[in-house]
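One structure below.
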Amino acid sequence: MCGISCILALRGHDTTYHQANGHIHTNGDTHALERKKIVTELNESLDKIQHRGPDARGHWLSDDNRVALGHVRLAINDLSPDGAQPFHSPAKKIHAVVNGEFYDYDRIRKEIESTTDYVFSSRSDSEIVIALYLHHGLNFVHYLRGEFAVVLYDEEQQIFIAARDRYGIKPLFWTVQPDGKGGKRMLIAAEMKAFLPLGWKPEWDVRSLKDAGWNHDERTIFAGVGKIRPGHYLTCTAFGHLEQRQYWDMTYPDKNLPDPRTPEELIQGVREKLLDAIRLRLRADVPIGIYLSGGIDSSVIAGMVTHLVKTEGVALGSQPASSRVCCFSIAFDEGSGFDESSIANRTADWLGVKYEKKIMNEAALAERFEDAVWHAEHHNPDLNFVGKYALSEVPQECGYKVVLTGEGADEHFAGYPSYLDDYLREPDNAYEANNTLSEPERLKQFHLAETAAKAYYDSVGADTSARGASVSRKMLNNISTISSMAAFLPRVFAPWTDKAYGLCDPQRTIVNNADGTVRAKILNSWHPLHSAMYIWSKGHLANIFLTCLGDRTEMAHSIEARTPLLDHKLTEYINGLPPSVKLRWMPEERRFSEKWILREAAQPFITRELYERKKHPYSAPTTWPRDGPLHKLLKGLMTKEKVEQLGFVDWAKVGGLVGKGFGEKGDPGAMRTALVVAEWVVIAERFGVATAEGKF
Ligand SMILES: *[C@@H]1O[C@H](CO)[C@@H](O)[C@H](O)[C@H]1NC(C)=O
Ligand SMILES: *[C@@H]1O[C@H](CO)[C@@H](O)[C@H](O)[C@H]1NC(C)=O
Ligand SMILES: *[C@@H]1O[C@H](CO)[C@@H](O)[C@H](O)[C@H]1NC(C)=O
């Protein structure tokens, strides 16, 4: 797991060296001077993402100075210098930098060695990218299993490729910027801060902030900076034509096609595939630990890892199988409602694993707030990301670089409360014979769930009735999960932004982000539960859970987190299961069991306490005391001057938020909005973002 930063000069770019005064340098070797300049600025760009790869650094610059690939390395596989990047093909015509991890690579490598004449120069998993590209062209992406961001340049074909893993676990941002001499360059990097030394002058994308585009589609919070979408690659041919294409997507069965498999078969299937996904992720040349909370997702991983170590003698990376599994977590002050560490402690005792926990309090959160925002590169309406940032300090302090985490379980096994309403919207015709929920019961529960959902959406200010909401929902077969996804939008924008950016409706952003073929499937063939899970995964999973609650706050402390529950062989299987084994009606208890099939598959590996535990929604404290460290921090950040400097925020709407948000009777809504605005102030200061103004 690493960091990459690359530069591609686009057609029209002048490749000769220009002096600072804009004049062309006429004496000496201008080509060599230009090379030196590019290498220096690329190096400065890598400095900004040094945390992603503190172990080594490398770069490659094409002979014609057009393509530069930079890399910082966190050494995980093949710790020798052979594993240093960029990688080159044996004929030195294909060049690549990789951030991420490819699993099952021993098998893939053997297959390449036995079917082709490719000779590997390292034992690193990353090198398979070059070999696969040589033998499969752009199809190389189909052979990759794991999380990755890859930039590859094929000199002979003049094709530049930037590919991102299926779920967007590893980041890749890009922008086209003036080169200072009348031409343009494409910049592409693991984090946007890496663009700063390359001439990027950050500006707010106000429309994207208002309509939540940064949270759902290709946009970010900065104008002109985009993401490579999950499951896509971007190509640039002959330094001119840019295009993003999809190579993989989540899909679900036809809701009316009966599934003949028994629940027992399905439970067994999930169990085997999850064990496979975990087994593959225990391969590394460094030790591997686990993030353990009080939830079922991380506990089943800890349980299965322990099982694999004990019964199959699988080693945890470089640790011998005889060593103890080590789990990490953070715990918050008692009474915060945040502390699940007593359950995690009982799980750890039961499994016989080591358990390292760090105690956090309000002061510790306040202290880390600004750095966590700098790393996240976007706002977030609560402090969970600061908690995740602190959590990644624990393995680092214990000498670990790799951990396993449970991310992705709620998206694939229907763990979020908002899914219930959409599950009940239609019968599960695919599993009629094995469904525990009768049709009259479904109708009754649907009515209850809809009433509860509406009350909830009203309480959090999600717009379900007004404006274009009914059209948006209709476009996705009426699923209500999009209303929950559009909640918590800060209503603080300056009046001029209404005129400049039109009607900004996050629900419409969410709907439009699903492409036309997907919307057709949602209308005609997918069960509404599956549609809800799809939409959520493209928005919140890709752009919050995997960013400020994932890669960005983990890599801030050089921690690689592996996500077995997002293994695509596993998720393709799960996505193919009928809705009613994900959310299951328990007739005796008269309640729904969310993530039912995961719970059943996990049963031999987890404590009875967890197997029987009803969903306990995990949420951070929403209010904090007056005059405490967080109150003081936010007061300092949210001054009239700093807020007005943003340009797009109306001081009249935010001036009183800090006063309203803190204290015993603090208003959680005011608190959330105050956090968002304070985070924008931090971003403005740290990135040097220009004040937004209404211009065209
Ligand atoms: C890159 O920057 C590092 C310091 O951050 C410095 O030690 C190194 O010499 C630089 N390398 C080049 C090629 O400029
Ligand atoms: C769990 O907590 C108990 C009591 O504080 C302690 O004795 C035990 O060592 C803890 N278990 C682990 C695995 O840390
Ligand atoms: C969607 O909801 C609207 C308004 O409640 C209703 O008229 C319409 O029939 C629903 N469409 C579907 C496909 O359920």
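Backbone N, Cα and C atoms are what each Cβ position is placed from, and that goes for glycine too.
TrEMBL labels come from automatic prediction, so no person has curated them.
As given in TrEMBL:
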DOMAIN    2-239  domain 'Glutamine amidotransferase type-2'
BINDING   Asp125  L-glutamine binding site
BINDING   Ile330  ATP binding site
SITE      Glu407  site 'Important for beta-aspartyl-AMP intermediate formation'
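In this structure, the C-alpha atom of Asp125 (L-glutamine binding site) lies 32 angstrom from that of the residue listed as 'ATP binding site'. Using a 10 Å Cβ-Cβ cutoff, the residue listed as 'L-glutamine binding site' registers 26 neighbours. For the residue listed as 'ATP binding site', the count of additional Cβ atoms within 10 Å of its Cβ stands at 23 [all protein chains shown].
Distance noted between the C-alpha atoms of Ile330 (ATP binding site) and Glu407 (site 'Important for beta-aspartyl-AMP intermediate formation') is 17 Å. Reduced to three states, the DSSP call for Ile330 (ATP binding site) is strand. Taking the domain 'Glutamine amidotransferase type-2' (2-239) as a whole, pLDDT averages 93 in the prediction. Under the DSSP three-state reduction, the residue listed as 'L-glutamine binding site' is assigned to helix.
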